[in-house]
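S.K.: One structure coming up, written as structure tokens, with questions to follow.
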């Protein structure tokens, strides 16, 4: 990717979203996108490979989450089902001070994310505050090392909201938040997920709709506050939330 050609697109897009990059952040995001394209030749990381589309539909889409759920240095953040590192890696590039965990169920993608840690996050943040966890959300959500440990839990285009809630809310601390990054039409999903969110200890706090720059499409960002501990029965065993949503 020609960093000079796409740097301006990324910077202008971030400005339009109201997201400010910390020093070195823009360059780090572009390097991450380069690695995604390179590794995509060996494994399935993304169907979007045009450099301009990657900036808009991956980097800026990911960054839009920071416009709604601003994070502070030292806060613990987990990206559930991160895939190629969206939104988590982009957040870490733009906010190097966060303590980021990337949760991914495919081991080969975890290898890619570890390479990103060395090549991108290492030079930017000394490799600090960056962990890759191989596993399924249902299992990790029962692990005391992760359960109710995070200030912010996020997921992008992983599953419908009532399923995502069972994956993600058990990981958020009481008082923490869960940000679901969804497509343009989310109203029915939110209604269908109300009972699940309540059962898991959450409360809908905000739904913000925004338009990605340069015709990137409309997005809905759903922010849920964790108000009570999640009952010990949740998450259910691996595969059950998707097959039988709450």
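Every residue, even glycine, has its Cβ placed from backbone N, Cα and C.
Checked Swiss-Prot, it gives:
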BINDING   81, 86, 137, 138, 156  S-adenosyl-L-methionine binding site
REGION    221-246  region 'Disordered'
S.K.: Mind giving me a neighbour count for residue 81 (S-adenosyl-L-methionine binding site)? Other Cβ atoms within 10 Å of its Cβ, every protein chain shown.
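M.R.: Within a 10 Å radius of the Cβ of residue 81 (S-adenosyl-L-methionine binding site) lie 21 other Cβ atoms.
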S.K.: Near the region 'Disordered' (221-246), which residues from the same chain, at least 6 beyond its ends, have a CB less than 8 A from one of its CBs?
M.R.: 64-65, 67-69, 136-139, 141-142, 147-148, 159-163, 165-167, 169-170, 172-182, 186, 190, 195-197, 199-210
S.K.: CB neighbours of residue 137 (S-adenosyl-L-methionine binding site) within 10 A?
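M.R.: Taking every protein chain into account, the count is 27.
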S.K.: What count of other C-beta atoms do you get within 10 angstroms of the C-beta of residue 86 (S-adenosyl-L-methionine binding site), across all chains shown?
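M.R.: Taking every protein chain into account, the count is 26.
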S.K.: The record names 81, 86, 137, 138, 156 as the residues that bind S-adenosyl-L-methionine; what is their largest Cα to Cα distance in Å?
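M.R.: Per the listed residues, the maximum Cα distance equals 20 Å.
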S.K.: Select the most exposed residue of 138, 156, where exposure means the fewest other Cβ atoms within 10 Å, treating these as the binding-site residues.
M.R.: 138
